[in-house]
Amino acid sequence: MKSLKFAAGLAFVATSVAAETPVLNVLTYDSFVSEWGPGPAIETGFEAECSCDLRFIPAGDGAALLARVQLEGARTDADVVLGLDTNLTAAARETGLFAPHGQAPELDLPVAFEDANFVPYDWGWFAFVHNRTLDAPKNFRDLAGSDLKIVIQDPRSSTPGLGLLMWVKAAYGDEAAQVWKDLADNIVTVTPGWSEAYGMFLEGEADMVLSYTTSPAYHLISEQDDSKTAAVFDEGNYMQVEVMGKLAASDQPELADRFMAYMLSDAAQAVLPTTNWMYPAHVPAEGLPKGFETLVQPTKSLLLGADEAEALRAPALEEWRAALAR
Amino acid sequence: MARRAGALIAAGLAALTLGPVAVVLAQAGRGGVGTADLAALRFTVTQAALSALASTACAVPLARALARRRFAGRRLMITALGAPFLLPVIVAVLGLLAVFGRAGLVNGGLRLLGLAPVSIFGLGGVVLAHIFLNMPLATRMLLQGWQAIPAERLRLAASLDFRPTDFWRHIEAPMLRDVLPGVLLAVFAICLTSFAVVLIVGGGPAATTVELAIYQAIRFEFDLPRAATLALMQVGTCGLAVALASFFTTPGGFGAGLDRQADLPAPGGWRQLIDFGAIGLAATFLALPIGAVVLRGVPGLASLPAGVWPGLLTSLLVALCTAPLAVSAALVLALARAHGARWLEPVAMLPMAGSQLVLGTGLFLLVFPFVAPPDMAVPVTILVTAVMALPFAYRILLPEARVLVADYGTLAESLGLCGWAALRLLILPRLRRPLGFALGLTAALAVGDLGVVALFAAEHGATLPLVISRLMAAYRMEAAAAASLLLVIAAFGVFWICDRWGRAGAEL
């Protein structure tokens with residue numbers, strides 16, 4: 001009887017401890033959470049020091065993420081949203097759901113980055129990935145003049161697709177429509193997402209695919225295959241900066257701050273290059289993983305400001321559609 | 001009784017398909033559709049209509065040949081006809097590209113002959129892909145029609161010395177007028193909401209479908225009323241198609257038979273040549289891409305990542321719950337419709353034209369205030385997949401349910417046969433074959449469905465299609481190909497088990 005009381009007491013203590021463990025909900029894109037993404041290592045690392053329960057809520061891809069935040073609105077359980085890119089942050093800020101991050105992160109981005117609501121955790125250059133044997137074009141005009149075939153993603157359903165739209169716009173401004181018209185006969189097809197396009201490229205359906213300069217690192221490091229490389233364009237390569245932000249409605253604002261700080265720590269940043277296959281926003285003390293030094297480095301980095309990107313999106317999309325809908 | 005239950009289920013179905021659309025429509029947003037959307041609608045309808053006509057046109061000679069010829073491997077081929085329909089979209093597309101793509105077999109052959117390569121991308125490619133995906137389904141549905149011709153009519157035809165043309169005019173044509181509109185309608189509705197295939201093979205924004213416009217409206221513009229309006233346009237189009245199809249459907253009126261076995265007449269000469277030509281062509285057309293899928297998947301099978309197995313288990317669990325739910329509801333609807341409830345027809349077909357994304361979003365909005373969406377992942381998946389699969393089951397069951405009611409309805413009524421007794425003594429034995437086919441198809445669809453899962457996904461407990469998309473997003477294309485092969489084997493396995501149960505004792 002006594003031992004039963006003891007056990008009951010113990011159970012009570014145990015449940016109250018469990019109840020006191022704060023939970024931090026992080027809404028992110030699906031591939032971040034998967035066992036091949038950064039999620040599991042980040043979860044283990046952060047939980048070891050926060051005495052909290054870190055839970056990821058997967059929500060499709062980057063574009064779906066913003067829709068999800070808007071669907072849930074202020075009632076959301078999420079504390080942090082991780083995985084938007086700068087083409088979406090203006091729309092995200094517009095919702096009024098995000099709180100200022102109040103941090104002064106030390107960043108290693110090739111361009112200056114300033115945003116009161118969002119902190120970058122990794123970034124990459126968009127680039128056309130191709131086989132090393134290919135004599136790659138030097139810019140979009142070169143590409144349009146060649147008979148090379150490319151696969152791209154649809155800017156209406158995919159964030160890399162939207163990135164390409166901004167890339168052409170940032171590089172060519174008012175001439176973007178003409179560039180798209182000239183590119184039309186090079187585009188084999190437009191896929192809904194990154195995976196389909198990359199898969200088709202690997203199957204030999206195109207000479208080049210829109211991806212990142214860091215994509216060849218996957219093949220090199222995970223498959224010991226150095227046959228892939230990416231093209232540096234002399235008008236510059238557009239960047240994708242992936243950011244995270246704290247929701248104003250969070251019931252764990254301090255924990256959210258700690259998580260965002262942790263994401264920029266050496267421990268977390270060292271995980272990203274070989275799981276997300278992007279550059280870390282802050283290069284960890286031990287440097288980049290071996291193999292990353294072989295990657296091509298664009299000499300010029302393009303990135304539109306969040307507001308500019310938001311303002312350009314609709315007209316650029318219309319230009320794109322009109323030029324390609326032959 | 002059947003009609004009351006049918007009305008109840010129809011009401012539930014309408015609420016489940018239209019309720020979420022209404023919820024989405026009621027959200028704040030600009031709404032309204034533009035000229036680009038109308039262009040998208042025009043393209044969507046065009047490609048769906050062409051795809052439906054082409055798939056069915058190919059299916060008729062194939063189904064007829066399979067119905068009247070006997071050859072080694074016939075059973076296998078009929079079973080295997082289920083396969084293309086069950087492939088995840090990107091897997092099917094990559095399989096097709098392995099044959100018709102730039103680096104594919106066809107262009108390899110052309111290059112050897114010194115001829116210019118052909119491109120699959122464009123409207124022609126979209127139709128080709130849809131033929132690959134839907135012609136087998138259409139064939140199976142038509143085959144049921146040939147199979148349902150009572151042996152007594154065949155004997156009568158034989159004793160009247162029918163020539164093949166007479167047989168066509170008096171037996172086959174009336175049967176097709178009964179079955180064909182429904183088959184056309186089913187394929188049309190599937191192609192109406194097909195979005196990834198159309199975009200990938202369509203080759204660019206000229207191939208924009210309404211479903212893609214819905215994606216854009218929800219994900220980048222967050223204009224929910226616009227998405228709902230577009231979804232309603234899609235439903236409206238399907239509604240028109242349903243009306244057209246039922247206008248053209250005329251009952252075959254063969255009367256009841258005694259279930260004797262009799263073979264269809266199999267004329268020789270050039271007709272035999274054409275039949276085997278159709279079978280050979282179809283077998284090659286379907287087997288090559290599937291072979292490519294298998295070949296791509298095999299190398300990675302030995303080193304499948306551990307996360308694949310729980311995914312497979314979840315998917316099988318979903319299938320196990322979905323199939324009986326969808327098929328029993330479809331059976332009630334089909335019987336009620338056969339008893340004369342004409343208005344059931346559009347309701348039963350509704351989910352087929354529904355936008356998965358709008359449905360998922362609406363359910364999300366409905367569920368979210370009360371429970372955390374990830375906790376609802378499995379129940380919502382089961383429910384939505386069942387709703388989405390129901391029209392297929394309904395289409396498969398309806399023709400034979402009609403025959404059942406026409407032939408045995410009066411007798412059953414005069415005997416007071418109803419409820420469980422009717423189910424056990426009349427319905428199950430008479431409808432066993434289509435029931436098995438419908439069960440197999442819905443179960444396999446549930447295994448392969450990505451659908452709304454993504455919106456409700458939890459950190460753990462992903463279904464197999466979600467695991468595959470995660471593998472692809474992580475560059476692991478070989479593992480994804482192997483997992484896809486596993487998915488195909490699993491989907492095909494459940495299909496085969498159910499279909500075999502249905503066909504046991506029936507020569508098909």
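Here, residue 1 is simply the first one shown, and the rest follow in order.
Backbone N, Cα and C atoms are what each Cβ position is placed from, and that goes for glycine too.
Note: TrEMBL annotation is automatic and uncurated.
Given the structure is predicted, the values throughout are model-derived calculations rather than measurements.
Feature annotation from TrEMBL assigns domain 'ABC transmembrane type-1' to B:41-245 (among others).
Annotation comment: TrEMBL describes B:312-498 (among others) as domain 'ABC transmembrane type-1'.
According to TrEMBL, the transmembrane segment annotation covers B:45-66 (among others). Long-range contacts of the transmembrane segment (B:45-66) within the same chain: residues 74, 77-78, 123, 126-127, 130-131, 134-136, 138-140, 142-143, 145-146, 172, 176, 180, 183-185, 187-189, 191-192, 194, 198, 202, 207, 209, 237, 274-276, 278-279, 282, each at least 6 residues beyond the stretch ends and with a Cβ under 8 Å from a Cβ of the stretch.
Marked as transmembrane segment by TrEMBL: B:78-100 (among others).
According to TrEMBL, the transmembrane segment annotation covers B:112-133 (among others).
Outside the transmembrane segment (B:179-207), and at least 6 residues removed from its termini, the chain residues within Cβ reach (under 8 Å) are 43-45, 47-49, 51-53, 55-56, 59-60, 89-90, 92-93, 96, 120-123, 125-126, 128-130, 133-134, 137-138, 141-142, 144-145, 215, 234, 237-238, 241-242, 244-246, 248-249, 252, 349, 352-356, 391-392, 395, 398-399. Positions annotated as transmembrane segment by TrEMBL: B:179-207 (among others).
Positions annotated as transmembrane segment by TrEMBL: B:227-252 (among others).
According to TrEMBL, the transmembrane segment annotation covers B:273-295 (among others).
The transmembrane segment annotation in TrEMBL covers B:315-336 (among others). Away from its own ends, the transmembrane segment (B:315-336) comes close to residues 2-3, 5-7, 9-10, 13, 344, 347-348, 378, 381-382, 385-387, 389-391, 393-394, 396-398, 401, 404-405, 427, 431, 435, 438-440, 442-449, 463-465, 487, 490, 494, 498 of its chain (Cβ-Cβ under 8 Å, at least six residues beyond either end).
Among the features that TrEMBL reports, transmembrane segment is placed at B:348-371 (among others). Here the transmembrane segment (B:348-371) has long-range neighbours at 10, 13-14, 16-24, 27, 185-186, 189-190, 192-193, 210-211, 214-215, 218, 224, 227-228, 230-231, 234-235, 237-239, 242, 330, 333-334, 337, 380, 384, 387-388, 390-392, 394-395, 451-452, 454-456, meaning same-chain residues at least 6 beyond its ends whose C-beta is under 8 angstroms from one of its own.
Residues or ranges marked as transmembrane segment by TrEMBL: B:377-397 (among others). Tertiary neighbourhood of the transmembrane segment (B:377-397): same-chain residues 13, 16-17, 141, 144, 182-183, 185-186, 189, 314, 317-318, 321-323, 325-327, 329-331, 333-334, 348-352, 354, 356, 359-360, 363, 367, 431, 434-435, 437-439, 441-442, 445-446, 449, 451-453, 456-458, 461, 463, selected by CB-CB distance under 8 Å and a gap of 6+ residues from either end.
Taken from TrEMBL, the feature transmembrane segment covers B:435-458 (among others).
Through the fold, the transmembrane segment (B:479-497) approaches residues 79, 82-83, 86-88, 91, 94, 293-294, 296-301, 303-305, 308, 311-312, 315-316, 319, 323, 440-441, 443-445, 447-448, 464-465, 467-468, 471-472 of its own chain, all at least 6 residues removed from its boundaries and within a Cβ separation under 8 Å. As annotated by TrEMBL, transmembrane segment applies to B:479-497 (among others).
With a threshold of 8 Å between CB atoms, the same-chain residues lying at least 6 positions outside the transmembrane segment (B:273-295) that come near it are 58, 61-62, 64-66, 68-69, 71, 77, 80-81, 83-84, 87, 91-92, 94-96, 98-99, 105, 132, 135-136, 139, 266, 481, 484-485, 488.
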